[in-house]
Amino acid sequence: MNQSNSTFKNMSNVNEALIKPFPNSNKIYVQGSRKDIQVPMREITLTDTIGELAEKNAPIHVYDTSGVYTDSNVNIDLRKGLGNIRVSWIKERNDTEILTEFSSNFSNERRDDVQLNALRFEHLQVPRRAKDTKNVSQMHYAKQGVITPEMEYIAIRENCKWQEYKDQIGQKKGESFDANIPDLITSEFICSEVAKGRAVIPANINHPEVEPMIIGRNFMVKINGNIGNSVLGSSIEEEVSKMIWGIRWGADTIMDLSTGKNIHETREWIIRNSPVPIGTVPIYQALEKVNGIVENLNWEIFRDTLIEQAEQGVDYFTIHAGVRLKHVPLTIDRVTGIVSRGGSIMAKWCLAHHTESFIYTHFEDICEIMKQYDVTFSLGDGLRPGCIADANDVAQFGELETLGGLVKIAWKHDVQTFIEGPGHVPMQMIKENMDKQLEECGEAPFYTLGPLTTDIAPGYDHITSAIGAAQIGWYGCAMLCYVTPKEHLGLPNKDDVKQGVIAYKIAAHAADLAKGHPGAQIRDNALSKARFEFRWEDQFNLGLDPDTARKYHDETMPKQAAKTSHFCSMCGPKFCSMKITQEIKTMNVDEIAKINSIQIEMDKKSAEFLKNNSEIYMKKNT
């Protein structure tokens with residue numbers, strides 16, 4: 001990864017495609033109880049209905065993950081990073097301190113290496129840590145009944161002004177499978193859910209740029225997007241661009257899964273420019289530190305890596321602590337064995353040393369680190385099935401049972417925790433996964449990779465997995481990890497990232513509708529109304545991907561006049577069902593009365609026919 005200072009100077013000029021506002025959309029901010037709680041939303045302006053059904057159409061407000069990148073009033077300079085919106089909240093709590101240097105030996109070595117000057121983020125911040133080993137987690141505050149600014153921010157964000165449309169929704173009743181979804185999300189409800197462990201707020205004290213969000217089954221289903229370099233390619237600039245691209249289209253969190261060179265510097269650039277929580281798999285970097293030799297991994301190296309990443313601002317760690325020595329033989333008869341990178345690393349280490357992993361034996365030590373920075377556990381499913389033939393087997397569920405025990409330990413330390421899940425699971429076996437996770441893990445939030453519902457579609461696994469994602473999201477899964485078309489095939493590019501995010505936004509929204517989440521149907525109703533009224537621009541702009549919708553329409557009807565026509569190229573002007581229905585709706589009273597009178601006469605004739613034993617021909621009276 002040979003990048004020069006000149007390369008990063010160019011990063012101040014962000015690609016226009018990454019930051020241009022969505023069409024007919026404005027970034028608005030809803031203020032909370034204090035001036036520094038400014039909650040972003042995207043307001044989509046709609047055109048008026050014209051003709052005999054004329055009326056004004058109110059703007060629609062949608063949840064927005066794109067940060068300031070789509071705010072036309074903000075100048076973006078990636079070299080400087082984002083504004084620290086949470087810094088005053090963190091300071092006010094008076095339970096953290098600014099360190100004089102990094103606590104990680106590796107971080108200090110990287111800082112002092114002049115050869116890295118060309119790669120380094122220019123404005124390194126000095127890290128914070130809890131004072132006197134205090135606990136600074138959102139769960140710790142919640143258990144004390146403290147409603148933090150982060151919780152208030154999230155309450156405003158989750159409601160997304162939906163009550164303004166309450167009388168217009170006509171929302172279909174959902175099936176939430178015993179979830180506890182209120183009509184209105186309040187700060188108190190969020191505090192209660194976090195205290196019970198049913199929701200998490202990933203918000204490291206060293207990531208003050210993050211816009212607070214929540215993951216839990218009683219909230220909107222969230223999605224994660226994966227990025228990261230590999231030994232075969234990519235650059236820091238490319239990975240930062242992928243992050244911005246992913247959140248533009250709706251990724252609620254981003255995982256940096258880098259396994260190539262300069263992982264530390266890549267992560268710093270991503271975090272400093274990310275308004276969404278960032279997750280990592282620390283064992284990847286720890287393995288790089290021992291030159292890829294699994295047997296040489298140890299607790300000291302892993303501990304230093306955790307501290308290094310916590311002080312950079314990583315919001316959640318995937319930790320494969322549930323892979324036990326006794327589980328490894330259970331995978332022998334599988335078709336695809338162990339497919340998790342982290343899981344295979346820990347399994348190999350356990351076999352090499354013939355003992356439990358240092359992650360499992362030092363789990364409480366890890367908890368002590370997590371609560372000093374408010375890093376959230378994402379307890380990894382290292383033994384997830386890699387094909388539908390291996391779904392729901394004894395190895396997978398054995399690990400899940402171990403994770404259930406680890407959740408209780410994490411909660412004892414007031415460390416926020418969610419659980420990772422499969423994988424490849426056929427549709428008829430998906431609900432068992434959700435039910436067992438709720439039972440074993442005390443309703444801690446579930447986070448799944450899909451699951452993929454069939455193995456026959458390489459190149460289309462964003463579709464095979466979105467099917468399972470929608471299903472498990474309906475059953476109660478709190479966050480869905482996207483899958484791109486490149487899954488199993490290669491490192492995704494920007495276009496793959498977009499396709500994966502859009503597929504999973506569809507799955508998450510479908511799950512919200514099925515659960516009956518309050519306000520979930522507002523956008524659907526607005527788009528359906530625009531479609532019926534041939535307001536083409538509104539149709540495009542209300543969609544998850546206005547660019548693609550407009551492109552498909554214009555391929556056959558490119559002229560501007562086509563944007564006001566009352567038909568599309570599918571049916572043409574004579575066979576459009578909605579045009580015909582509109583004509584029916586706009587008939588005048590006399591026409592409708594005439595039709596009704598004809599119908600009355602027809603009904604009379606029908607009754608007469610039935611009275612005469614339904615005879616087609618009747619004898620003539622002589």
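All positions are counted from 1 along the displayed chain.
A Cβ is built for glycine as well, from the same backbone N, Cα and C atoms used for every other residue.
Taking all protein chains in view, 28 other C-beta atoms sit within 10 angstroms of the C-beta of Y447 (substrate binding site). Residues or ranges marked as substrate binding site by Swiss-Prot: N226, M255, Y284, H320, S340, R341, G342, D381, G382, L383, R384, E420, Y447.
Within the same chain, the residues at least 6 positions away from H488 (Zn(2+) binding site) whose Cβ sits under 8 Å from its Cβ are P458, D461, listed in sequence order. Look at Swiss-Prot and you will find H424, H488 tagged as Zn(2+) binding site.
According to Swiss-Prot, the feature [4Fe-4S] cluster binding site maps to C568, C571, C576, an assignment based on sequence analysis.
There are 23 other CB atoms within 10 A of the CB of G342 (substrate binding site), with all protein chains counted. When secondary structure is read from DSSP and collapsed to three states, Y284 (substrate binding site) falls in the helix class.
Taking every pair among N226, M255, Y284, H320, S340, R341, G342, D381, G382, L383, R384, E420, Y447, the residues recorded as binding substrate, the greatest CA to CA distance is 20 Å.
Taking all protein chains in view, 23 other C-beta atoms sit within 10 angstroms of the C-beta of S340 (substrate binding site). Residue pair S340 (substrate binding site) / H424 (Zn(2+) binding site) shows a Cα separation of 12 Å.
When secondary structure is read from DSSP and collapsed to three states, S340 (substrate binding site) falls in the coil class.
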